[in-house]
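Here the structure comes first, spelled out in structure tokens, and everything after it is commentary.
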Amino acid sequence: MTCLSKEALLVRSVLEERGLETPMIGTGLSSTEKKERIESHFTEILTLLELDLSDDSLAETPHRIAKMYVNEIFSGLDYATFPKITLIDNKMQVDEMVKVSNITLTSTCEHHFITIDGKATIAYIPRSKIIGLSKINRIVQFFSRRPQVQERLTQQILVALQTLLDSQDVAVSITATHYCVKARGVMDATSETTTTSLGGIFKSRPETRAEFLHCR
Ligand SMILES: Nc1nc2c(ncn2[C@@H]2O[C@H](COP(=O)(O)OP(=O)(O)OP(=O)(O)O)[C@@H](O)[C@H]2O)c(=O)[nH]1
Ligand SMILES: [Zn+2]
């Protein structure tokens, strides 16, 4: 059994308490067992699509998909992959907004299992701690590597950062293209979806909210 970091345990318990955790069941399967089972089911799916798995280009596809699901695009379902978090005392007494824009975000729509491709902007007002910058991108990546709806993804990132920084003063905005909207179904190639989650002063103080939402 993997030992989870104290930050991973804390974030998971707060998300559970708030009803924001991704709905999951426990199977007790190891990562290797999951990959074996997924590979076997994808062999069946591709066969039902009448694809010839003896073709050298397709032969390894079920194995590739299983590896991609467990190790890559859905690795964020496992808190063992939660990033190592570096927090530093705010000795420099920063009390203005720290904002990180244009964070690359690639996730997967849980309704259609197809890509969500977007950007996140995140801000916080430092209190007692400041967080290592790359850790913000890593938290975005962690929660993106799950089947998601954009609204829940935005909230999970907000609450994780609030928990780690021990402050409500965090803001998250995500703008994304959903390939379930662009590449199938309604086939709209131009629309984008923006979701925003604001905490503390970003919610209560109109000037701070406006600075976050409108200043690049
Ligand atoms: N709110 C929200 N909806 C999403 C997200 N990703 C996909 N959806 C929507 O989930 C809905 C699923 O609707 P259904 O009617 O069950 O699925 P569908 O028949 O494939 O619908 P169409 O996409 O309209 O063809 C669609 O309207 C999607 O656009 C998301 O992140 N947030
Ligand atoms: Zn979808």
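The backbone N, Cα and C atoms fix where each Cβ goes, and this holds for glycine too.
Not measured: the values here are computed from a predicted model.
What TrEMBL says about this protein:
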- 38-214: domain 'GTP cyclohydrolase I' (DOMAIN)
- C109, H112, C180: Zn(2+) binding site (BINDING)
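Other residues of the chain with a Cβ within 8 Å of the Cβ centroid of C109, H112, C180, the Zn(2+) site, are T108, E110, H111, F113, I114, I116, H178, Y179, V181, R184. When Cβ atoms from all protein chains are considered, those within 10 Å of C180 (Zn(2+) binding site) total 18, not counting its own.
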